[in-house]
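Worksheet: the structure to be examined is printed underneath.
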Amino acid sequence: MGKVILESRGLNFDGNLFWRLPGALFGFALVFNIGFTLALSFLKAPRASRAIVSQEKLSRMQGREDLSNFATMEEKDMNSHPNLKESRRGRMVLPFEPLTVVFQNLQYYVDVPLEMREWGFDQEKLQLLSDISGALRPGVLTALMGISGAGKTTLLDVLAGRKTSGYIEGEIKIGGYPKVQETFVRISGYREQTDIHSPQLTVEESLIFSAWLRLAHEIESKTKDEFVNEVLETIELDEIKDALVGIPGVSGLSTEQRKRLTIAVELVANPSTIFMDEPTTGLDARAAAIVMRAVKNVVDTGRTIVCTIHQPSIDTFEAFDEVTHLFLYPDCQSKEEMTGFTGGNMH
């Protein structure tokens, strides 16, 4: 049939043509693959390698002995002057006002879904939080703990003002004044559980992008750049600031580094309060300890930090100063109790 159509169009091909075409394709593939292999083997990249070499780290390694002596002298000086360490807390390029978040008798309701009503649920509203009270203080790392479904993330979203549906009852005060969401959103940050970043940017570029979008335009460019560098040091990302973020699980930063980058992106907005939703989820004990060390560095600046946490290791648990434990009543309403501890000793 095909040969008849070709002949009707005046295309009279002989039988050898059907073998010459596959042979030509095979020849092209062979030549191109050989050329590609030779090019990768002998040709050099047209630009410098993307290997990351931190100049700051290189300088520290070259002068390790001098820096070690300096650190020893500084430690002795701080031990002889205990107020010196406290005076460094909260000292950053951009000032901020430490704020205390107090919440009393929080109740949170949502409308009962139609499916539940069809199954015989006779109430119009479903209560998710019941009589939750507590306080989040500057310079104190607070953990929200509880079993799955206890309402940890729900409470975090209510405090941060991220709930756009449902009914909230109770009192939330910021610095002694009733919370105004339009104002509070400017001085607070929210670190989500997922780490979403542009893979084509470097770590430093990600922070610069966030700083230019979220800091006030009255702040000078030089001050913004200095603050970005300070945040990099606080979160301990300065050694990899030139590394590409990359694609998760394929290239770029590790999971632990991505989580620290997410914290840094929020910190570069200079908030007084930061809410963190499970910053150590999916990490092993060592990686979780590195993330918590970065979180403690943020707390040492005098900010108010609260984290939800689920099944932490003993090292992660002891990093917190206070724990708010949510538990479920038989009616599936979330209740809370607050426990404070220092140095791992409960009291």
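Using the three backbone atoms N, Cα and C, a Cβ is placed for every residue, glycine included.
Residues of the same chain that lie 6 or more positions beyond the ends of the transmembrane segment (20-43) place no CB under 8 Å from a CB of it. Annotation source TrEMBL lists transmembrane segment at 20-43.
As annotated by TrEMBL, domain 'ABC transporter' applies to 101-346.
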Original post:
What average pLDDT is reported by the model for the domain 'ABC transporter' (101-346)?
Top reply: 87
